[in-house]
Amino acid sequence: MPESMDAIILKDVVKSFRKRTIRGEYTTFKSELLRWLRGKRQSRDASLITALRGINLTIPKGKTVGIIGRNGSGKSTLLKLITGIYTPTSGDLQINGRISALLDLGAGFHPDFSGRENILINGIILGMTRAEVRARMDEIIAFSELGEFIDEPVRTYSSGMYMRLAFAVATHVDPDILIIDEILAVGDEHFSKKSLAKMMDFKRQGKTIVLVTHELGTVERWCDLAAWIDGGYVRRVGKPSEVTAEYREAISLAEAQSAAFTPPALTEGGGALPQVPSESLPAEGPVRIHRVQLLDARGESLEVLSPEEGLEVRADFSVEGPCEDVDFHVRLQAADGRTLYETSTRSEAVVLSRMPNPGVLRFVVERLGALGGDYSLVVSARASKGESSGRCAFRVVSATEEEGVFRPPHRWLVEPGANSQAGVRFEPGTSPRVEVG
């Protein structure tokens, strides 16, 4: 039988849970009998909460897939089905490969065992032999950077230490599939960069990554595909920039309609967000943007940079028809969607005499100057017949505490005024200071 090209396959998967009684206990034979004697017996359907109502989703091998959706839409339930923590109420679920997961903080760790002992236990649970875990023990400990704390009980660990240990174990057991639920922020800036580099290494090795997050910029920056869970169903799967754009539009429509944001599982019919009218989504024009990348000065992929660094935005496109009036736009956005800067070839009088097919658009920024935070760059090809766009997200990390969104080039000078007296003299090797008074 040929090996499947898909890592995860879900067909008509339903997951339901029993409601709790008023006392906070699950319904039992006794509680149902008492309800029946009081004339308050519930139907089977009334005693259930259905989180997933028929999930159909295929995740190809080697792809990074971002799962998005409102709180309560079933994203975490879906991951727990994939990892085997839950079993489907009905439907088929197929997993092809070894899974490692980063779910609830500290899940799978025994609080009274040391970090070293928990590494051994978790490695065995994830399918490794004792000898394999011991062979990788030093590498896992070194990556976690826990030092002498590795031999202390994990109940003494901070949340950041928990996350470091969990990430180190999950990424060093050689999984085929890595599952992550909202825990990419693993520790300080240094460890976050290290973790991102490890994730990039996973992608280069062709591993499958499934990520649940509310950070849409992370999905746009990291993922090959996005899947939107809404009302207990998969509402859309596709290009991350397109799926997140429709999701944002649906959220905006719900807010405009003053729709109640009740958890979908507690809402009759699943509480799906409003449908986005097709006219709200621009038609695709003659120039199609296929991929947008962020590169550094060496031409290498860029995820994190400092305010003083430059960057290059590179967009691959194809021409599908006459495009005499095409106009390329580049827009810098903050994490909350605010436009910080936008320009276009037309506004800068850039002549587009002949369009190559396929072609590459390059937008070079010598120095970005943005302060620390999450940003995205959107490249659009606009024409009278429609528009095509792509997005790449990135993070700026700054060691300096500053306010605002932009750092202009500047320097500080302290000089004597026209009528000033002799100033403070600085001896070589001493720290200069200005005294007032």
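Every residue gets a Cβ built from N, Cα and C, even glycine.
Taken from Swiss-Prot, the feature ATP binding site applies to Gly69, Arg70, Asn71, Gly72, Ser73, Gly74, Lys75, Ser76, supported by sequence analysis. The domain 'ABC transporter' annotation in Swiss-Prot covers 37-256.
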Using a 10 Å radius around its CB, how many other CB atoms surround Lys75 (ATP binding site)?
23
Test of understanding: give the count of other CB atoms lying within 10 angstroms of the CB of Ser76 (ATP binding site).
18
Per-residue Cβ crowding (10 Å cut-off), top of binding-site residues Asn71, Ser73:
Ser73
By the count of other Cβ atoms within 10 Å, pick out the sparsest of the binding-site residues Gly69, Gly72.
Gly72
Look up Lys75 (ATP binding site) in the DSSP assignment and report helix, strand or coil.
helix
Using other CB atoms within 10 angstroms as the count, which residue among the binding-site residues Arg70, Gly74 scores least?
Arg70
